[in-house]
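**Student:** Copied straight from Swiss-Prot:
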- Ser62, Thr63, Arg64, Thr65, Gln89, Arg113, His140, Pro141, Thr142, Gln143, Cys278, Leu279, Arg323: carbamoyl phosphate binding site (BINDING)
- His79: Ni(2+) binding site (BINDING)
- Asn172, Asp236, Ser240, Met241: L-ornithine binding site (BINDING)
Amino acid sequence: MTKDFRQNVFQGRSVLAEKDFSAAELEYLIDFGLHLKALKKAGIPHHYLEGKNIALLFEKSSTRTRSAFTTASIDLGAHPEYLGQNDIQLGKKESTSDTAKVLGSMFDGIEFRGFKQSDAEILARDSGVPVWNGLTDEWHPTQMLADFMTVKENFGKLQGLTLTFMGDGRNNVANSLLVTGAILGVNIHIVAPKALFPTEETQNIAKGFAEKSGAKLVITDDLDEGLKGSNVVYTDVWVSMGESNWEERVKELTPYQVNMEAMKKTGTPDDQLIFMHCLPAFHNTDTQYGKEIKEKYGITEMEVTDEVFTSKYARQFEEAENRMHSIKAMMAATLGNLFIPRV
């Protein structure tokens, strides 16, 4: 019998949601991302996907995800092809299944950023190639690889740290943080109004993983309880893409703004405390949105104050850069025929 030397526990797998991966697998991808970042900084080529063609499907617009997948593909020696909302017809003029079969016959891998998690799952099922979820309404796994890579880069470890998310506890980033932290043994606190707590289904998924990893999960509307002992304070926009209920959210979430008072509530020494945000952030009035919010609601900052955003705690731009390195690791591991027989 001929031995297959292309042993790889990731080869051919799609990355649709964090819950599909073990703690060891996620940590491997995070560490691989740190390794590829070091290679990039040292100018050492790593063309693991030479000759591959990558489809980048975007129903939702993007700055960081598109840029990260494009540069990651090129660094790996692959050719990325962008297909925007005017180029793809998922479920409109062509079924998602039919689109998957066509793209799978032409491309070696597919990134999908859109609304429905079911579309990502159909693409993965019917394309025959790895599909990477660049964001859906439910989950944001590529953001999580970058986020926990950033945490490990700053603290040298993951297990036993505490991350507090403040804001809309039902959005995809909060869902993914809760579940990924639970898998990795990171304590996750969600601080939000009761009406915006994560769904019971999401909480149950996270609790199942936390029982194995020892992660402590806290979901509360009390800032003091949620922030105490935190190493990472994390927030996201108050209104997600596709939503329009600004007035309601501003009223609900203003008490959950990340400001210096919130950072102090952690009681954590400065050298053990960072702030993170997946971006874009409404921290001043330098944008059209920022100006409109000021005119309508009389506030100049939303989910985070400019003071925190520009402070010594801020790591959001490292986090944004790490999107590229972590996505590169994920793509190479799942498509590059690398030798990864176990993790």
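In case you wondered, yes, glycine gets a Cβ from its N, Cα and C as well.
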**Student:** Quick one: Cα separation, Asn172 (L-ornithine binding site) versus His140 (carbamoyl phosphate binding site), in Å?
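**Tutor:** That comes out at 6 Å between the alpha carbons.
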**Student:** Would you mind pulling the DSSP three-state label for Asp236 (L-ornithine binding site)?
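**Tutor:** Looking at the DSSP assignment, Asp236 (L-ornithine binding site) belongs to neither helix nor strand, so coil.
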**Student:** Count the other Cβ atoms sitting within 10 Å of the Cβ of the residue listed as 'Ni(2+) binding site', across every protein chain shown.
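**Tutor:** Within a 10 Å radius of the Cβ of the residue listed as 'Ni(2+) binding site' lie 13 other Cβ atoms.
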**Student:** Would you please pick out, from the binding-site residues Arg64, His140, Arg323, the one with the fewest other Cβ atoms within 10 Å of its Cβ?
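**Tutor:** Relative to the other binding-site residues in Arg64, His140, Arg323, Arg64 has the fewest Cβ atoms within 10 Å.
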**Student:** Please state whether DSSP places Asn172 (L-ornithine binding site) in a helix, a strand or coil.
**Tutor:** helix
**Student:** Whose Cβ, among the binding-site residues Ser62, Gln89, Thr142, Asn172, has more other Cβ atoms within 10 Å than any of the rest?
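**Tutor:** Per the Cβ count, the most surrounded site is Thr142.
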**Student:** Please give the maximum pairwise Cα distance, in Å and rounded to a whole number, for the carbamoyl phosphate-binding set Ser62, Thr63, Arg64, Thr65, Gln89, Arg113, His140, Pro141, Thr142, Gln143, Cys278, Leu279, Arg323.
**Tutor:** 28
